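**Student:** The following feature annotations were taken from TrEMBL:
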type: REGION; residues: 1-31; note: region 'Disordered'
type: TRANSMEM; residues: 45-65; note: transmembrane segment
type: DOMAIN; residues: 48-309; note: domain 'ABC transmembrane type-1'
type: TRANSMEM; residues: 85-109; note: transmembrane segment
type: TRANSMEM; residues: 189-207; note: transmembrane segment
type: TRANSMEM; residues: 277-295; note: transmembrane segment
type: DOMAIN; residues: 364-623; note: domain 'ABC transporter'
type: COMPBIAS; residues: 375-385; note: compositional bias 'Low complexity'
type: REGION; residues: 375-402; note: region 'Disordered'
type: REGION; residues: 626-666; note: region 'Disordered'
Amino acid sequence: MTSTTVDGPAGTEEHPAPGAGGGPSHPPKDAQAALRELRRPVAGLTRAGVLLGGLGALTTLVPFIGIAELAKELLRADGVDGGRAAGIVVVIVLGLALGWTCTGVALWLTHVADSRLQALLRRRMVDRLGGVGLGWYSATTSGQVRKAAQNDLNDLHHLVAHHDVEAAAAVVLPLGGLTYLFWLDWRLGLLAMATLPLYALAYGWMMRGIGDKLQQMDTAFGRVSAAIVEFVHGIAVVKSFGTTGRAHHAYREATHSFGRRYEGWVRPMLRLEASTSMALSAPVIAVVSLAGGIWFVERGWVGPIDVLAQVLVALIIPTTLQTVNEGFTARGAARAAAERITSLLATPVLPVAERPVHPRGHLVEFDDVTFGYGSPDGEVGPDGSDGPDGGSGASRASGEPDGVAVRGVSLTCRPGTVTALVGPSGAGKSTLAKLLLRFHDVTDGAIRVGGADLRDIAPEELYRTVGFVLQDVQLLHGTVAENLRLGRPDATDEELLAAATAAQIHERITELPRGYDSVIGEEARFSGGEAQRLAIARALLADTPVLVLDEATAFADPESEARIQDALSAVATGRTVLVIAHRLSTIVGVDRIAVLEGGRLVETGTHRELIAGGGTYARMWDAYGGDTSGAEAPGAEAPGDEAPEDGTHANTAPGTDSGRPERSEA
């Protein structure tokens with residue numbers, strides 16, 4: 001079978017490299033290009049809106065000019081021409097009506113453009129986020145996605161729907177007015193702009209080095225945010241060690257530093273802005289215009305009515321300048337938003353097979369699997385690092401190339417058996433399990449379910465076949481029943497109750513105010529162990545034949561752990577189960593244990609076999625406090641004394657670090 005074909009490192013014609021396909025891999029080179037590219041689908045509508053907005057602004061000048069012409073007519077020494085005066089009034093009314101109509105239609109067009117653009121970008125975001133590997137979400141905060149989907153789109157809304165039309169009007173209106181004044185008398189045009197040089201000089205002075213100053217503000221504010229987060233997250237430790245004052249001191253220093261920088265930048269600007277705002281205020285402009293106009297009249301350059309026209313036009317300029325400034329701010333915010341949105345839309349997606357293959361059976365095979373977080377998809381470890389299991393990188397400790405999490409792992413998990421992955425921290429256990437869930441695509445090798453490569457299975461069918469219960473359980477805002485039915489929305493109430501009962505959580509749910517209809521986060525709150533049992537019930541209800549359990553008892557108290565173990569026993573029945581465990585006592589009775597170290601599979605076998613072998617697992621068991629003499633965990637029966645007839649417990653020679661281990665079958 002073939003996937004969407006693209007070229008890339010470690011890619012083949014059949015299976016492209018991780019992150020290949022699905023759109024551009026790089027955003028545009030600059031923010032302006034990103035903004036232009038995003039707006040391209042609605043460029044025609046916005047251009048029409050801008051043209052109409054400019055026309056509407058020009059027609060709004062008609063009433064001002066008409067008032068001046070009407071005054072001339074009414075003050076004529078030889079009498080008023082009633083017909084001409086009436087005509088001027090009609091022109092004024094038509095100008096007002098046309099201006100309002102053009103502006104209204106312009107804003108309607110730009111709002112239609114904005115609505116279409118928002119819908120298009122949201123669909124593209126949903127399509128893109130639905131196609132990226134699940135591992136991408138481990139390295140990306142929900143805040144980043146929310147900012148792009150909400151705040152950044154809102155910034156684009158203000159630019160597309162409002163500021164383009166307003167900016168066009170703000171440019172056309174004073175230009176048209178000044179053109180009229182220069183037509184009357186060039187001195188009137190210059191008089192209308194008398195206070196502009198002061199404003200231009202002051203604005204240029206205030207904006208000098210604005211980029212560096214904003215960067216400094218962002219850095220200082222980032223320190224404040226970091227201090228707040230550090231203080232809140234560590235409040236329990238801070239209080240328990242009596243160092244609250246020291247933590248408060250760090251926060252105070254960060255806020256004071258930000259305050260000093262901000263005050264030092266803003267205080268002189270406020271004084272200057274107050275002065276320039278006064279220079280552009282309506283009273284000052286009116287006084288300057290009237291004083292200059294009287295002087296012009298005394299010298300016979302212009303008539304009194306011309307001065308009236310000059311004053312009316314001059315009073316328009318401050319408002320338009322403010323709109324232009326707001327437009328610059330809006331465009332800057334929109335450019336930054338466009339960069340973030342474009343970057344999100346350029347996130348590499350996992351390739352989807354053109355002709356999907358259906359798994360035949362539930363046998364899981366890891367075939368010489370190698371994966372590194374520094375692979376071409378550009379993703380990082382679960383915590384933002386580049387090491388396996390979100391750690392600093394076992395690959396480095398073992399001398400592997402930078403970023404390699406697992407290397408050359410071959411392992412078979414048979415239906416109806418439980419295989420446990422164990423190993424030191426950073427050995428690659430979680431990474432290997434998440435590769436089975438296709439959080440990422442392997443860099444080399446293959447993972448097959450039912451004989452079909454994961455990359456050849458349609459995503460919908462893959463997640464109907466492979467389920468998972470991760471240690472970080474996510475419960476959505478909704479009823480308990482809705483959370484349990486995520487994998488099977490059509491599950492009956494009887495099936496729901498059966499799954500919850502098998503997961504040892506039914507009794508706890510019935511204690512809630514409205515039982516299964518209680519809303520999580522409002523009427524229902526669960527402990528870590530209870531949340532794990534809810535996740536197990538969800539997995540039971542989904543009824544996937546392959547199940548991955550990532551340290552399901554990590555956050556459980558002893559009582560909850562016992563209940564979770566009972567629930568896991570129900571889950572494992574008849575399924576292919578892969579378990580990640582750090583508490584070795586919880587996996588003593590599994591069918592096969594696979595030991596990872598430094599990203600490599602170093603040995604496999606039952607608990608008894610591995611203890612007898614005296615390798616990595618035996619050392620871990622000894623460090624864990626287990627009894628190696630009896631090769632059993634305290635209170636646990638020795639598993640697998642004899643291999644069953646189907647050979648699922650067949651002895652496998654442990655692998656070594658010096659060569660690739662033979663495929664291990666569980």
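Placed from the backbone N, Cα and C atoms, the Cβ positions cover glycine too.
Situate these features within the shown structure.
**Tutor:** Only residues 6 or more beyond the boundaries of the transmembrane segment (45-65), in the same chain, are considered here, and those with a CB under 8 A from a CB of the stretch are 39, 91-92, 94-96, 98-103, 105-107, 109-110, 112-113, 116, 160, 164-166, 168-173, 176-177, 180, 309, 312-313, 316.
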**Student:** Please report, as numbers and ranges, the same-chain residues at least 6 past the borders of the transmembrane segment (85-109) whose CB is under 8 Å from any CB of it.
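**Tutor:** Residues 45-46, 48-53, 55-57, 59-63, 66-67, 69-70, 73-74, 161-162, 165, 169.
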**Student:** Who are the long-range neighbours of the transmembrane segment (277-295) in its own chain, taking Cβ under 8 Å and residues 6 or more past its ends?
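**Tutor:** Same-chain contacts beyond the flanks: 188, 191-192, 194-195, 198-199, 302, 304, 306-307, 310-311, 314-315, 317-318, 321.
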**Student:** Averaged across the domain 'ABC transporter' (364-623), what pLDDT does the model get? Just tell me the whole number, please.
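**Tutor:** That stretch averages a pLDDT of 81.
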